[in-house]
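Undergrad: Right, I'll just put the structure down here and ask away after.
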Amino acid sequence: MKVGVLALQGGVVEHIYMIREAAKRLGKEVEVVEVRKPEHLNSLRAIVLPGGESTAMYKLGKRTGLDKRLKEALLEGLPALGTCAGAALLAREIEDKQSGKRYEPLLGVADFKVVRNFFGRQRESFEANLNIKGIGTFRGVFIRAPVMVPLSPAVEVLGEFKGNAVMVKQGNIIATSFHPELTSDTRIHEMLLSEAS
């Protein structure tokens, strides 16, 4: 099966490696596609939206029409994992904790709000053990991390840190505040591949 990684900007290589490792653990044959143009979405069974800079990713995608096609695919049920800035791409609402500024939604396909820089800027990056529903203990790497605020009962909180949602799921969409690709633990990527089957 083909699994894509949005490859406009951000942590692409790390996600490609983790998808391949997760596939090995699950005994699945996976071809990883770097998604840069609308046609790269053809025949994908799942996609990862990596961390990086959500606005930059969106603007680059808009130039080729990738944004519209990706939004359609997600609304049609393409399983997706959005990590950090990737979660912001998916969110219906976005605001910055430091400035209070609200931003226009980018893809806006999931019923949660992303509060950017919730735990502070780059120097406030940290790691913490999380209890993830269906997975158990998972080491979360937080870098300029947001939190997610569910805006509908359709959004299930899978993990929290200090009472704030840091991993959520709505239908075909999984979003994390942290970076699972920066660990050696493939279980969140395995969750995505299981959704794609």
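In case you wondered, yes, glycine gets a Cβ from its N, Cα and C as well.
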Undergrad: Write down the one residue from Arg25, Arg36, Arg69, Arg116 that Swiss-Prot lists together with Gly52, Glu53, Ser54, Ile143, Arg144 as binding L-glutamine.
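TA: Swiss-Prot lists Gly52, Glu53, Ser54, Ile143, Arg144 binding L-glutamine, and from Arg25, Arg36, Arg69, Arg116 it also lists Arg116.
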Undergrad: In whole Å, note down how far the CA of Cys84 (active site, nucleophile) lies from the CA of Glu181 (active site, charge relay system).
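TA: Approximately 11 Å lies between the Cα of Glu181 (active site, charge relay system) and that of Cys84 (active site, nucleophile).
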Undergrad: Could you name the residues, excluding Gly52, Glu53, Ser54, Arg116, Ile143, Arg144, of the same chain that surround the L-glutamine site, i.e. Cβ within 8 Å of the Cβ centre of those residues, in sequence order?
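TA: Neighbours within 8 Å of the Cβ centroid, excluding Gly52, Glu53, Ser54, Arg116, Ile143, Arg144: Gly10, Gly51, Cys84, Ala85, Ala88, Pro146.
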Undergrad: I'm trying to understand the geometry here, so how far is the Cα atom of Arg144 (L-glutamine binding site) from the Cα atom of His179 (active site, charge relay system), in Å to the nearest whole number?
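TA: Distance between the two Cα atoms comes out at 11 Å.
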Undergrad: Taking 10 A as the limit, how many CB atoms besides its own sit near the CB of Arg144 (L-glutamine binding site)?
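TA: I count 19 other Cβ atoms within 10 Å of it.
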